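Undergrad: Copying in the features that Swiss-Prot gives for the protein in this structure:
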- 1-18: compositional bias 'Acidic residues' (COMPBIAS)
- 183-193: compositional bias 'Basic and acidic residues' (COMPBIAS)
- A2: N-acetylalanine (MOD_RES)
- S14: phosphoserine (MOD_RES)
- S16: phosphoserine (MOD_RES)
- S65: phosphoserine (MOD_RES)
- S66: phosphoserine (MOD_RES)
- S69: phosphoserine (MOD_RES)
- S73: phosphoserine (MOD_RES)
- S226: phosphoserine (MOD_RES)
- T296: phosphothreonine (MOD_RES)
- S356: phosphoserine (MOD_RES)
- S368: phosphoserine (MOD_RES)
- 2-329: region 'Necessary for interaction with CBP80' (REGION)
- 228-328: region 'Sufficient for poly U RNA-binding' (REGION)
- 130-139: motif 'Nuclear export signal' (MOTIF)
Amino acid sequence: MALEVGDMEDGQLSDSDSDMTVAPSDRPLQLPKVLGGDSAMRAFQNTATACAPVSHYRAVESVDSSEESFSDSDDDSCLWKRKRQKCFNPPPKPEPFQFGQSSQKPPVAGGKKINNIWGAVLQEQNQDAVATELGILGMEGTIDRSRQSETYNYLLAKKLRKESQEHTKDLDKELDEYMHGGKKMGSKEEENGQGHLKRKRPVKDRLGNRPEMNYKGRYEITAEDSQEKVADEISFRLQEPKKDLIARVVRIIGNKKAIELLMETAEVEQNGGLFIMNGSRRRTPGGVFLNLLKNTPSISEEQIKDIFYIENQKEYENKKAARKRRTQVLGKKMKQAIKSLNFQEDDDTSRETFASDTNEALASLDESQEGHAEAKLEAEEAIEVDHSHDLDIF
């Protein structure tokens, strides 16, 4: 072996396979220059199978013979086409718009609901506009039922609210007529505050714009002046419409004490005024004056009762009239309920018992309505006023 290696010239390769081994994959493929027919196809398939990389995505069986390759080529192409059709879904065709039908489409069974928020808002706005036009014309429109159990019948609610407001206005009107005795209150009574006004009115309706105190006044007043002059000047400076109340204050406590209270009121108003008990608004100058009057230790409780006796009496009459009005409304409702009841002919006992109880209740209501007016409260029985917000005078 050594001789053979020594006899070899430089650059000459050995013919034995032991010296150098060549991998089958490293050997170049030797193809004939001219190929024809089956030999060319067989060589092409061998080359493709040898050079094809290993793929785990799709596994294709190797083809052994040319006959099987020709017979299976059509089946393989059909299989690939079927798989490709499964992977790609064609886009749905748009449906033509149908005029004369509602824009809301019924939900498709098994389909996903489209979250079209602004479309739903626009649709509700259009329905509200249509319902408003129908309400103006005296017709009732349809309500959107897309929210199912959360649907709010706003048309019915609006109608019921309107009827309730009209019923409340009628009751207030009847109460005002009863309290005024069927007469319209004159302007003089309104200025003096002697007219019977309905209770629980808004503050702006009762007071209007808050008056500002006139600090200078028209002229100077002293303790030697007449009570009429002092009361008139105090009412002017306080912008108080209830002049008779100020006149009673001056008559009971005297000119000197009334002027001192006026000076204290001016000082409080210049420092910002006083709030009422709940703190929702400031007192009027007249309210500050009367609040200082009730909180002055030198003025006795008997004097305060004498000053506010008429106001307490009016408040009592107003409450009494309101209570009587509520009783009348309750009696009317009871009569309507009795008329709407249907008793069974066999149940005579329950019918007689109910009828006797109802007649007694209605008789008591009629007696309370037909009874004479009660005597006015005496000075000892007058309602005591602990706070200024108990009266409707500020």
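Every residue, even glycine, has its Cβ placed from backbone N, Cα and C.
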Undergrad: Please work out the mean pLDDT for the residues of the motif 'Nuclear export signal' (130-139).
TA: 60
Undergrad: Find, among the modified residues listed as S226, T296, the one whose Cβ has the highest number of other Cβ atoms within 10 Å in the structure shown.
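TA: Of the modified residues S226, T296, the highest Cβ count within 10 Å belongs to T296.
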Undergrad: Do me a favour and check the Cα-Cα span between S226 (phosphoserine) and T296 (phosphothreonine); whole Å is fine.
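TA: On Cα coordinates alone, these residues lie 23 Å apart.
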Undergrad: Per DSSP, what is the residue tally for the region 'Sufficient for poly U RNA-binding' (228-328) in helix, strand and coil?
TA: 75 helix, 2 strand, 24 coil
